[in-house]
Amino acid sequence: MSTGLRYKSKLATPEDKQDVDKQYVGFATLPNQVHRKSVKKGFDFTLMVAGESGLGKSTLVHSLFLTDLYKERKLLSAEERISQTVEILKHTVDIEEKGVKLKLTIVDTPGFGDAVNNSECWKPITDYVDQQFEQYFRDESGLNRKNIQDNRVHCCLYFISPFGHGLRPVDVGFMKALHEKVNIVPLIAKADCLVPGEIRKLKERIREEIDKFGIHVYQFPECDSDEDEDFKQQDRELKESAPFAVIGSNTVVEAKGQRVRGRLYPWGIVEVENQAHCDFVKLRNMLIRTHMHDLKDVTCDVHYENYRAHCIQQMTSKLTQDSRMESPIPILPLPTPDAETEKLIRMKDEELRRMQEMLQKMKQQMQDQ
């Protein structure tokens, strides 16, 4: 049905602009505000590297972040490595790129998998991860929560030997011990030792064994439906490439008139950043450029929340048991607290109430499932 109305285009007048300004509230600038605040505060990321000695862990970390964290490292002999116990070493460095600051912490695990008897050799590593969760839980439950330092492990790169025929028992034991505590990204180390066909077969074998043993490695998030096709294609290639076959090198060589990082062999040159040679670029893009924030989110929302819920459940059970017990010691009157102490007590009571409510909700959700 025609209304008989005709619309004419006209230039925007100052009055029109004033009307638009009146309708504009301003919350559309919130992303910019968050961006400025985040950049000013800086970011932190904790990466654990694990695997037996000689698989190129230190070299790969140097290649990923272009930072030498192992300047004072002492190389041990074979006998010393066999007798060495598993250690936990932290290396922290502040990196800045285009005004964005990143506090990078590398957690190394020298001695892992090098002993003759490797049973339970992952115990010091699981204890370390739990200690970081415990420290964060204590800081989060304290009164001063403004400057909590996050030392939780956000990602673990686990190096698998290319010389085996899949996962060894120590590989299965390590990943099953940590897969509920940290995001595990399995890597095939020293991929230049294998031809492309061997790499494909080894990847298929590792994927099958991961499913067979019920190991939960880091799952890449699904793409949004409104993403462009190029991004979706890159995401598909990324998922199909796991576990990543990687090569690391700190040496710059000449290849086709260009200086590239790689390794020089009698039969040719292996380029670290050539996607036809290895998956290093895919790993770097995933770890730094596209999925670093998701790794931190999964650590906080899944792994840490599981630990936190377990702690709250234990605390609540203990409080319930204590409340049922009659104390044989007479309760003495407490001195009258001052205003500041009363405020702190109210804050702690309120926090405990919220924790109990959250626990009740979680129990209800578990019953509904």
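Note that the numbers count up from 1, one per residue, in the order the chain is shown.
Using N, Cα and C of the backbone, Cβ positions are placed for all residues, glycine too.
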Coiled coil per Swiss-Prot - which of 114-145, 338-369: 338-369
Ser225 (phosphoserine) and Gly54 (GTP binding site), Cα-Cα, nearest whole angstrom: 43
Overall pLDDT of the coiled coil (338-369), taken as the mean: 74
